[in-house]
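J.: What follows is a structure written as structure tokens; I'll ask about it next.
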Amino acid sequence: MTAAPHTAPRAVCLLGPTASGKTAAALALAERWPVEIISMDSALVYRDMDIGTAKPSRAEQAIAPHHLIDIIDPLDAYSAAQFATDAQALIEAIRARGRLPLIVGGTMLYYKALTQGLSDLPGADPAIRAEIDAEAARDGWPALHAKLAQVDPVTAARLHATDAQRIQRALELYRLTGQPMSALLAREAGAAAFHRHEAAAAYLSIALEPADRAVLHARIAQRFDAMLAGGLLDEVEALRRRGDLSPVLPSIRCVGYRQAWAYLDGEIDMATLREQGIAATRQLCKRQITWLRSTPERRVVDCLAPDYVDQVARLVRNALETP
């Protein structure tokens, strides 16, 4: 039997939680291959937010071209869908230049959008929702649950008869599409599985994960202290002085920024700022690791191993070289 031809990945994805050493590994790869780095970090897109986001320095960015860093103002928003569009265009452009796209970051929703796509379910329809609400006011949610059971018994069976929000959404989807929500979700799950299979071939996904989470937690504390010493409060104060930003914006909700903002508002003291900032970073890290563990196509490297960069490089070399 003839072996299947070797196909190099379209791009390499270097994933990992906060403080796992992604930047150092990416720059080491840039010294071995002609890479261009595509940032996959929802905080690095913002201009004037350098310290609290641990943005690569100018010297680090000079080692290899970097993309999707400093592309929007903190007043603006940037979505996972926009990232997927931008990243796909960059991948094609970088490959056309004969270089290797290296996607680096820990914003796993962005990774999902790039490799699996986002939900195609219809959005909310105000008119249909108002119609359903009127029926519920007249007949009660148990009556609407009974209606749902007639058209989508699978969904109705897992919902309580007074679960207004979910009953409303299931009926809304049925009235919008003529199909039960259970069937729509099953189709989406099948599509996601297909996309995961495709992603395994199209992308080499390497995950930097800690064998000992306590060591990563110590790194997080050291890193946050370094940010405070490096001028995080001055950076946030400069953002406050603009006068058009507030803690409700996605940019200011970034870990570290919302805590520093609260401190400058006089809501918390310095000890609480540090405690909350470190705790929020650890929670972010936990969520990132949970996402990673639901990514079966990833190749895991212990980010605490002394030779973790060499392990990453070995995986990349094996994927790029024709057997």
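Note: Cβ is positioned from N, Cα and C throughout, glycine not excepted.
For reference, Swiss-Prot lists these features for the protein:
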- Gly16, Pro17, Thr18, Ala19, Ser20, Gly21, Lys22, Thr23: ATP binding site (BINDING)
- Thr18, Ala19, Ser20, Gly21, Lys22, Thr23: substrate binding site (BINDING)
- 41-44: region 'Interaction with substrate tRNA' (REGION)
- 165-169: region 'Interaction with substrate tRNA' (REGION)
- 253-258: region 'Interaction with substrate tRNA' (REGION)
- 286-293: region 'Interaction with substrate tRNA' (REGION)
- Thr107: site 'Interaction with substrate tRNA' (SITE)
- Arg129: site 'Interaction with substrate tRNA' (SITE)
J.: What residues in the same chain, six or more past the boundaries of the region 'Interaction with substrate tRNA' (165-169), come closer than 8 Å to it by Cβ-Cβ distance?
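T.: The answer is 129, 132-133, 136, 141, 144-145, 148, 159, 181.
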J.: Take the region 'Interaction with substrate tRNA' (253-258) and find every residue of the same chain, 6 or more past its ends, with a Cβ under 8 Å from one of its Cβ atoms.
T.: 42-43, 46, 49, 52-53, 224, 227, 232, 236, 239, 247, 277, 280-281, 284
J.: What's the CA-CA gap between Thr107 (site 'Interaction with substrate tRNA') and Gly21 (ATP binding site) in angstrom, rounded?
T.: 15
J.: Averaging the per-residue pLDDT over the region 'Interaction with substrate tRNA' (41-44), what integer do you get?
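T.: Residues in the region 'Interaction with substrate tRNA' (41-44) carry a mean pLDDT of 98 in this prediction.
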J.: Could you round the CA separation between Arg129 (site 'Interaction with substrate tRNA') and Pro17 (ATP binding site) to a whole angstrom and send it over?
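T.: Rounded to a whole number, the Cα-Cα distance is 39 Å.
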J.: For Ala19 (ATP binding site), just count the other CB atoms lying within 10 A of its CB, please.
T.: 24
J.: Which residues in the same chain, at least 6 apart in sequence, have a Cβ under 8 Å from the Cβ of Pro17 (ATP binding site)?
T.: Gly106, Leu208, Glu209, Pro210, Leu216, Leu284, Cys285, Gln288, Ile289, Leu292
J.: Could you say whether, by DSSP, Gly21 (ATP binding site) belongs to a helix, a strand or a coil region?
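T.: Its secondary structure by DSSP: coil.
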J.: Under 8 Å Cβ-Cβ from Lys22 (ATP binding site), six or more apart in the same chain: what's there?
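T.: Listed in sequence order: Leu14, Leu15, Gly16, Val104, Gly105, Gly106, Leu208.
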J.: Within a 10 Å radius around the Cβ, which one of these binding-site residues has the most neighbouring Cβ atoms: Thr18, Ser20, Thr23?
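T.: Neighbour-count leader: Ser20.
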